Amino acid sequence: MGTYLDKPETDKQNEGGTGNGLRYGVSSMQGWRPEMEDAHTAIVSLPGADFLKDWSFFAVFDGHYGAKVSEYCSEHLLEYILQAEEFQRSEFVSGIRSGFLSLDSSMRLLPKIASGEDKSGSTAVCALISPEKIYIANCGDSRVILCRSGEPEFSSEDHKPYIPNERDRIQKAGGSVMFQRINGSLAVSRALGDFEFKNVENKGPCEQLVSPEPEIYVLDRYEERDEFLVLACDGIWDVMGNRGVCSFIRSRLLISDDLQHICNQVVNTCLRKGSRDNMSIVLVTFSGAPKVSEEAVQKERELEILLEEKVKNLVNSQHLQSFRAVLNAIKDESIPDLPPGGGLDSK
């Protein structure tokens, strides 16, 4: 988990789509990590009962110690949620919880996991969007925010071992929190998989060192105020806070309606801001999202021209040869109208 490549792997996996009055874009990048352990799911019309065709599902999974669990979850979490008896009785919150726990239990039986050969685990953050509600479920330190009326009005809470209620559970299960990690090892307190942390006798599945139990939130939808959801792994949130991500994406939506391109811009910006992790982001826009503005497009053109002129002047006057030297020199200058939240790193 702590090893890095000599240079980042910057190829990206993109996808996008529309449906149920939503638009979405996805970007994933391996970055500095030696392998890609993130996975995601994006489905705009769900299978099963007739009413589910108006529902959509989006999720991000941040794997660790390997990619098996994150990949398996991306393929099967929705299936387990929809098959839960509670969900089929329209007890949606209970059904989501049961889906998480059933999936986690079933993965114990996968051959490589059962044999102990695979010890991977994964965070999971997902959003089930119905015509009236948004059901958010979070397990770990991936995160979802809802930007509403220009502000990050909602954010899920990260599950870290040093949070008091998480630490209490860990200690009651016989573990300790050292260096903000479980037994000095794992940096998240809830996750799917990670079965070497789930073997304490006489403790239920949600009482173990690592719990598979999601924290679930139910949000009402407001057509005129809801702008977009962002689901992302901690490779994004470690270097851009909720407000920064919200402001940056809003500014990009005024310039482009290409959601995949905007997601790529977020990932590239986070890489330049110093993220050393895998990075994945799912952007889901509602009808109230900002629309392309000719005024904003023109300002962006003017900014690009200004930056190009500054680079030429610096290269000619100071004989700067490297991109990093030019960037550092520009950072010392005052430049108007840089993207909020992204700044010069986004250019």
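Note: Cβ is positioned from N, Cα and C throughout, glycine not excepted.
As recorded in TrEMBL:
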- 1-23: region 'Disordered' (REGION)
- 1-14: compositional bias 'Basic and acidic residues' (COMPBIAS)
- 23-286: domain 'PPM-type phosphatase' (DOMAIN)
| remark: In DSSP terms, the compositional bias 'Basic and acidic residues' (1-14) comprises 0 helix, 6 strand, 8 coil
| Where else in the chain does the compositional bias 'Basic and acidic residues' (1-14) make close Cβ contacts, counting only residues six or more beyond its ends and a cut-off under 8 Å? | 25-34, 36, 64-65, 260, 263-264, 267-268, 271, 276
